[in-house]
């Protein structure tokens with residue numbers, strides 16, 4: 001097997017990467033995983049792009065949490081993204097903290113972590129870094145780029161940025177630009193992190209005291225946007241925590257987590273701080289907020305798709321209020337205007353934005369059908 | 001004029017107040033304002049109940065911010081709540097920080113601020129305190145209780161708790177119980193405050209260093225829920241801040257407030273810390289999260305309205321996603337089941353939950369018509 005393929009890979013790519021913000025990174029590390037076997041013609045590769053707090057472990061155990069890959073229900077032999085047919089690549093985005101270059105990386109110029117001296121990135125910068133990884137892997141063209149949420153933005157940016165290198169694009173629960181409300185929620189999270197005295201302008205790596213409290217609050221606020229109101233009501237409603245002695249829950253008339261939804265959110269916040277770097281959270285949310293694919297193409301979204309020959313599949317969920325169906329429809333209108341072949345479906349789910357990560361036989365059927373139509 | 005009436009009043013009420021949580025406050029202060037003239041028959045009083053961060057200055061200048069009263073467009077001579085006809089009372093809720101007893105008040109038992117030793121309150125406790133204020137003012141019955149948001153919850157609780165003392169109830173942009181999503185957003189805010197090292201378990205009053213950063217983040221998160229997605233898009237969209245030199249805005253590829261919506265939210269957060277006490281924010285959000293009027297009445301909301309003879313007017317806004325129209329409809333169904341006369345209207349507005357505070361000729365007409373129908 002090619003030594004570049006397999007688990008726990010990291011490539012150091014020494015071609016300078018000129019960033020949208022004007023800075024140049026002389027070299028970058030990209031951590032990635034591959035699954036399945038690359039065909040002799042090197043024509044069966046699918047790139048899966050992860051979401052804000054995701055990582056390259058799409059179908060393999062997360063090394064820190066020990067949990068299964070975040071999309072292992074979708075990717076595997078015989079699964080909708082079928083490893084008997086496709087070769088799957090998933091790389092940690094530039095700016096993240098799972099092995100790719102980001103604010104926690106050592107700045108070769110100083111020998112210390114970049115922290116806030118790392119350059120601010122865009123989604124397109126992340127995509128360009130993925131293109132460099134493909135060069136390193138000797139893969140010229142992708143059978144497909146697939147992503148949900150921020151991964152979907154990367155998939156769209158792939159078609160616009162490297163139009164000759166991708167044959168099909170799957171965009172799930174995503175958008176072509178961040179809305180004012182999207183930006184607002186992220187800004188709350190950033191302010192929560194930066195208000196934590198442990199943040200110290202980003203230079204917190206030396207002493208093992210990261211801004212965990214701020215990061216936890218940021219995650220809690222964001223997490224609400226991943227769930228639907230109806231889903232929260234169905235799962236938690238106003239149910240109280242059971243008491244330690246096993247008795248049915250009662251209001252404590254204090255500030256402990258009386259309600260199950262409080263306990264759940266606190267847990268989500270806390271667990272996140274074990275696996276994610278606060279500065280990476282700042283950088284990636286910034287890249288998301290900066291994302292406006294039309295703006296990169298003269299203000300006309302259709303222009304982003306004029307150079308590509310790719311087929312597109314756009315999927316939204318009816319209860320997703322983070323990136324509602326109207327945003328997907330906006331993408332489809334632009335694809336139509338550009339003459340790009342596009343299929344679009346809104347799926348019904350009670351689970352809001354998070355639905356793209358959860359069991360969905362309909363999404364499975366759509367994914368399998370769309371990928372195999374191009375095989 | 002009766003010395004109990006007029007601006008800048010504060011009553012010390014020495015009847016012990018037994019709270020829902022089991023504690024008893026031996027005496028409470030209630031700060032309030034009155035507007036207009038009480039009729040000789042003492043039968044033209046309207047109580048207006050304020051929202052979470054509101055105060056008694058419904059139609060008079062706020063003493064700290066210098067801004068006009070928060071509902072001065074609704075309350076005044078010739079206005080929908082017409083001071084030529086009605087006598088208006090608005091009191092700062094128990095637990096708040098504008099002169100009524102709350103966590104910043106001095107605990108007579110220790111001579112120090114209560115801080116987190118203040119008892120946790122409910123909406124019903126706030127209403128009972130308002131009832132004691134009316135006793136003090138010599139007013140037996142109210143022509144109406146009127147409130148938006150948390151004020152609407154108090155208005156509902158009035159009909160349930162003091163059913164013989166209120167003739168009409170106006171509930172705007174409100175709910176009969178806090179949902180899981182409502183609780184979740186509040187919990188984010190509370191965690192932001194309690195994560196601020198300046199919070200110090202609530203004992204921050206002595207040295208002038210309150211947990212302003214945490215309170216600001218809490219306000220930012222809550223503020224998003226007061227606005228609609230469409231309203232944010234219309235007002236801010238992805239517009240960038242103008243540069244200091246007057247040039248059109250550009251992305252800075254940094255973490256300053258590039259987008260106008262970021263700057264707006266930061267300002268909202270910061271300005272709030274000048275006028276509000278962080279511990280009061282904890283206590284009042286807790287009271288809101290505990291609010292479930294049905295639960296206080298055997299789990300059947302209609303039972304809350306069986307003793308009252310009041311007329312009801314329920315108003316919702318179509319873009320309010322904090323307390324959506326479905327919550328108002330739920331109240332109306334219960335009123336119908338209880339045989340209480342109820343009118344209900346959903347108004348159209350682009351402004352989300354905040355619409356109840358903004359100019360709305362339709363709301364004005366509804367308010368005037370409903371109040372005068374009972375005169």
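Cβ from N, Cα, C; glycine included.
Quick look at what TrEMBL lists:
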| type | residues | note |
| --- | --- | --- |
| DOMAIN | A:44-358 | domain 'AB hydrolase-1' |
| ACT_SITE | A:149 | active site, nucleophile |
| BINDING | A:219, A:354 | substrate binding site |
| ACT_SITE | A:320 | active site |
| ACT_SITE | A:353 | active site |
For residue A:320 (active site), the one of A:149, A:219, A:353, A:354 that lies nearest, given that the recorded positions are compared by Cα: A:353
C-alpha spacing of the residue listed as 'active site, nucleophile' relative to residue A:353 (active site), in angstrom: 8
Residue, out of the recorded positions A:320, A:354, whose Cβ gathers the largest set of other Cβ atoms within 10 Å: A:320
Three-state secondary structure, which DSSP defines for residue A:354 (substrate binding site): helix
Cβ contacts of residue A:149 (active site, nucleophile) (under 8 Å, same chain, 6 or more positions away): A:51, A:52, A:172, A:173, A:174, A:322, A:323, A:353, A:356
Set of same-chain residues at least 6 away whose C-beta sits under 8 angstroms from residue A:219 (substrate binding site): A:53, A:189, A:268, A:269, A:272, A:273, A:276
